[in-house]
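Student: Quick paste of what TrEMBL says about this protein:
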- A:93-284: domain 'ABC transmembrane type-1' (DOMAIN)
- A:12-32: transmembrane segment (TRANSMEM)
- A:92-116: transmembrane segment (TRANSMEM)
- A:128-149: transmembrane segment (TRANSMEM)
- A:161-182: transmembrane segment (TRANSMEM)
- A:203-226: transmembrane segment (TRANSMEM)
- A:262-284: transmembrane segment (TRANSMEM)
Amino acid sequence: MIGQSSPFSEALKHAVLILGALIVILPFYVMVSYSLKSPREIETNTGGFFGAQEQMVDEYCVKLGNAREDCLATPVIHNYTQAFKKAPLLRYLLNGVIVTASIFLIQVLVALPCAYALSKLKFWGREIVFGMVLFCLLIPVHAIALPLYIMLAKAGLTNSYAALVVPWTISVFGIFLMRQFFKTVPDDLIDAARMDGMNEFSIVWKVMLPTAIPALMAFAIFSVVAHWNDYFWPRVVITGNRDLYTPPLGLREFKGDGDGSYWGPMMATATIIVTPLIVAFLMAQKRFIEGITLTGMK
Amino acid sequence: MAVDVAIAAGTERQAPTRRKLFTAESLAGYVFVAPAIVLMLVILVAPVLIAAALSFTDYSLGNPDFEWVGTENYEKMFSRSTYKKMLTASAIYVLVVVPVSIGLGLGAALLINSLKRFGDIYKTIYFLPVMAALLAMAIVWEFSLHPTIGIVNKVLASGCGGVLEEISEWYAAGCARNFPLWFGDRDYAIWTVCFIGIWQGFGFNMVLYLAGLTSVPRELYHAAAMDGADRAWDRFRLVTWPMLGPTTVFVVTITTIRSFQVFDTVEAITQGGPSKTTYVMMYAIYEKAIQHNLIGIGAAITIVFLAFVLLLTFAQRWLVERRVHYS
């Protein structure tokens, strides 16, 4: 901005921002640090960030009737192996990937042709369909969870992958975003493709899809972040069947039976769930922020 | 007269389009929009209608029959103390989280934007909570705010005996007895839940404001300086804030709609308690309708919820059309 900022005001700004940053980072610090520590270090808040990593006795292992010396473990290894052993965390992560990927693929499969038709094809009723898209933008899917749940229950689909995926297959927001993007694609490109003898179907997937990659990336970020982190909907439709748990559900289950001594493995689980998106974000933050801005600004 | 012309023009235009109904192009159009239309109707429109219908019944899942109960569910919502508490908790959450997370988002954006360097580092850090699963972070916060082993109360306690005790009565009281239980204390629980909401969401608003700031033309600042507005506050009041109008309208709407939907923190930590002080709408729908199978009341809450969202969105459209920026 204009105006000369003195070194003093510059330092003051940094002081304020650093204070904010400390508060923002605090839980991440706690999470990672405690995933490395033994229960005793957690309770007494000792051991610094990494913990002393002294051998600890796994009380649960002792309870199972093993000799104490066979139950020695290094805290960090203990916490992370417990995270995978105590609950099928790998299964949960796989479910998370399956659900998130299916949602995104189906969303694109439905939204892309629709957006192309709404922006480039002339047909009677096009404006009505677009009006419908605009109307549906007003409905937050989480808010209508209850009737969706009843419909799925009536169809006997609760506790299935379908229940996790189906309500998210239509992204009116995706349609809207893609339509705005396709509007900027010159008609000549499509005419040329038609001259080459391409039919409308191959135009969508061979001409429009490649040009839409930047918009699709933005939408992918939006969709993946939302559904990997979503807790509400899986909580509603998955009741009891642990094989279908998504990562947040798996973590919640951990908390449910945690009696305090499982804080270490629980923090390890939290770290494992949160890490993929954070790492992806740190590696490509410009893209992420652009994507979130683009999709956020609708 | 004018109307006649319009109608004539309308029918004239109708004719060729009718003929076009079955060209290859229009056929492709129908095929391409068909799946989207079906899904919109089944997944978005039908549920709203179903919720509206169910909100006038005492339906519960598994029962073959149900009765129409008129507006009873709605009357309950606006008379019974449980639902009054629900509306209060949601209102507090929205009225706290929206302004504070927007204020902090704007503040952070302005500060970062005016820095000579290192701005990107803060941007990255402040955006981290937006990417992290709220459920996981809520659990970590719960742990950090644990009354006995949590890091927050430990840090607070370590300041006891110092100046802070003399400055703040609250701090002194905390040292004398105990620092708050946070989630377990009904005077603190909703505010603590709000705090997590703000912590999680303000980075998103910051990014939107940073995007908005890049579109403010620099000449406007020069012009303002010419007119004698050279204090930072004047520049903000006369140029930056009006130019950020559209961004603000959007940020307010989206943050409000999101705040109405808060669920993860409440479900994982407080379960609506203590004494229903954190009993927000989304959790109420979940608890009443899905756990207790009281579909009717859940549907009524859903409809009230949607009414709020509609109202907000129309208010946003209206504001945008009035052109909030004074250009």
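Start at 1 and count along the chain as shown; that gives each residue its number.
Using the three backbone atoms N, Cα and C, a Cβ is placed for every residue, glycine included.
Show me how these features fit into the structure around them.
Tutor: Within the same chain, residues 5, 49, 267, 270-271, 274 sit at least 6 positions outside the transmembrane segment (A:12-32) and bring their C-beta atoms closer than 8 Å to a C-beta of that stretch.
Tertiary neighbourhood of the transmembrane segment (A:92-116): same-chain residues 129, 161, 164-165, 168-171, 174-179, 181-182, 203-205, 208-209, 212, 216, 219-220, 223-224, 227-228, 243-247, 249-250, 272-273, selected by CB-CB distance under 8 Å and a gap of 6+ residues from either end.
Residues 98-99, 102-103, 106-108, 110-112, 114-116, 118-120, 130, 133-134, 136-137, 141, 145, 148, 152, 208, 212, 215-216, 218-219, 223, 227, 233-234, 237-238, 244, 246, 294-295, 298 of the same chain lie 6 or more positions beyond the ends of the transmembrane segment (A:161-182) yet place their CB under 8 Å from a CB of it.
Outside the transmembrane segment (A:203-226), and at least 6 residues removed from its termini, the chain residues within Cβ reach (under 8 Å) are 100, 103-104, 107-108, 112-113, 116, 171, 174, 177-178, 181-182, 185, 189-190, 193-194, 277, 287-288, 290-292, 294-295.
Tertiary proximity for the transmembrane segment (A:262-284) is limited to same-chain residues at least six positions away from its ends with a CB under 8 Å from its CB atoms, namely 30-32, 34-35, 37-39, 42, 75, 78-80, 82-83, 86-87, 89, 93, 224-225, 228-229, 247-248, 250-251, 254-255.
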